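K.L.:
Here's the feature list from TrEMBL:
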TRANSMEM  54-75  transmembrane segment
TRANSMEM  96-115  transmembrane segment
TRANSMEM  121-141  transmembrane segment
TRANSMEM  148-167  transmembrane segment
TRANSMEM  179-199  transmembrane segment
TRANSMEM  220-239  transmembrane segment
TRANSMEM  245-266  transmembrane segment
TRANSMEM  278-296  transmembrane segment
Amino acid sequence: MLIKVYSNGIVGARGRWVKTLLELFKVKQTLLLLLTGALAYVAASSPRVDLPTLAVATLSFFLTISGTTGFNMVLDADIDAAMFRTRNRPIPSGRMDKKAATAVSTAALLLGLLLASTINVYFLAAGLAGFLIDILVYTILLKRRSPWSVVFGGFAGGMPALGGWAAATGSFGTEGLLLMLLVALWSSLHIWTLATYYADDYRRAGVPMLPAVYGERAGVQASLVVAALVVGLTALLALHGLLSAVGLVVSLAPLAAALALLVRGLASGEYRWHAFKAFKLVNVFMALVFISVAFLR
């Protein structure tokens with residue numbers, strides 16, 4: 001009986017550790033970015049997908065993105081502690097200290113980059129660029145200083161897509177750059193719609209996110225502009241042969257619904273609620289557009 005209780009305690013502790021680790025790595029966001037990279041690889045290598053290379057690339061994506069996210073969580077721990085939305089994350093809640101978070105993030109990042117180096121130098125460069133843009137440019141230099149930080153930080157989010165294309169083709173190519181730019185633009189839309197809903201939280205933490213500085217109406221207006229650019233760029237993907245007509249329609253359906261919500265938000269003055277609903281739809285768009293690029297060309 002004592003052995004059973006002890007064993008259950010160990011299992012429970014391990015389960016909590018894994019859960020905490022997945023929270024540190026923001027696993028849902030990580031998996032969405034991983035999906036863009038893996039599907040970009042499938043699109044570039046179709047119809048003959050090298051499954052072993054895809055497996056290595058996918059693991060590299062997961063580790064590199066997770067490591068980068070972990071470093072971001074360490075550097076932003078004070079911000080997370082000040083915001084109601086994020087104060088229960090692993091570091092501000094005390095479930096993981098900064099040293100442990102830094103150690104596991106470093107291990108994940110280095111292993112991810114090591115795996116990337118076994119594919120090709122372009123894939124490695126994309127992974128390293130994603131880390132440097134996210135940590136140095138976005139988190140350290142701009143996030144606490146500029147309401148436009150996400151415009152530059154978004155390029156980090158585009159690196160998995162660029163890397164996936166490069167892993168298959170041995171170069172970045174026009175198509176890979178277009179996919180990267182699409183994710184970079186989407187990142188601003190993703191963050192600004194969410195930040196519009198949580199504008200008060202960002203003000204409380206002293207983070208100059210665009211909706212917190214210029215107001216929720218400005219957040220919706222900026223989101224509308226970016227959404228229109230994303231529509232145009234998605235159409236450009238179709239012109240470059242990355243999307244079929246069916247794929248284009250499937251991809252743009254949730255984005256059109258998000259645009260309608262943002263317009264209603266401007267008309268009604270209910271900015272926060274409409275922005276949050278749009279936030280959910282733009283995430284669906286990102287998954288659908290890459291699925292369409294991979295399988296509906």
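Each residue, glycine too, has its Cβ placed from N, Cα and C.
What TrEMBL says about a protein is an automatic prediction, not a curated fact.
Fair warning: this is a prediction, and the values are worked out from it, not measured in the lab.
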K.L.:
Hey, which of 54-75, 96-115, 179-199, 220-239 has the most Cβ-Cβ pairs under 8 Å against the transmembrane segment (121-141)?
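P.N.:
Ranked by Cβ pairs under 8 Å, first place goes to 54-75.
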K.L.:
Let me check one thing: do the transmembrane segment (148-167) and the transmembrane segment (96-115) come into contact, meaning three or more Cβ pairs under 8 Å with sequence separation of at least 6?
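P.N.:
With fewer than 3 qualifying Cβ pairs, these stretches do not touch.
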